[in-house]
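Novice: A single structure is presented below for examination.
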Amino acid sequence: MTRKQRRLVFIGTCGAVLAVALGLVLWAMSGTIVFFRSPSEIAREAVAPGVRFRLGGLVEAGSVVRGPDSQVTFAVTDNAARLPVRYRGLLPDLFREGQGVVAEGAMEPGGVFRADTVLAKHDETYMPREVADALKKSGRWQEGAGHPAPAPPRTASGEARAP
């Protein structure tokens, strides 16, 4: 073989090795690329206990029960299925019934999702109270221009405080 042919074979071999490596990495990550699963997907797939994943949906109205030692149970729904969730810890300020939520954790044998982390989702119109106050103070707040009312202050337990 000439020098040019050897160089082409070398480049082709390196390209094939990189393509195989990339394919293996993508195949290994295929189960973790999904941002979250809905309660309907969990019901269809019958996830085994102990498998970690992210659960996303809305906090079902009337399902939040606060227990001792920061224990909270609630249900996540996608309006087609519901999944009970157990969480121990402080909830985000935006957590409330009817609000979007993403919980990370694993299924327990009884069909309850045990969350280690709970994230509250909000839409693009949410504005923290501190930002709204700063805009009002600087004179840039435009009343009635589509800005939502600022979120009420909350205690460490997530309860709304009286203004």
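Each residue, glycine too, has its Cβ placed from N, Cα and C.
In case it's useful when we look at the structure, here is the feature table from Swiss-Prot:
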type	residues	note
TOPO_DOM	1-7	topological domain 'Cytoplasmic'
TRANSMEM	8-28	transmembrane segment
TOPO_DOM	29-163	topological domain 'Periplasmic'
BINDING	HIS122, TYR126	heme binding site
REGION	134-163	region 'Disordered'
Novice: Should HIS122 (heme binding site) be counted as helix, strand, or coil on the basis of DSSP?
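Specialist: In the DSSP reduction, HIS122 (heme binding site) maps to coil.
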Novice: Have a look around HIS122 (heme binding site) and count the other CB atoms within 10 A of its CB, chains all included.
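Specialist: Cβ-Cβ neighbours of HIS122 (heme binding site) within 10 Å number 15.
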Novice: Tell me the residue counts in helix, strand and coil for the topological domain 'Cytoplasmic' (1-7), as DSSP assigns them.
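Specialist: So the topological domain 'Cytoplasmic' (1-7) is made up of 5 helix, 0 strand, 2 coil.
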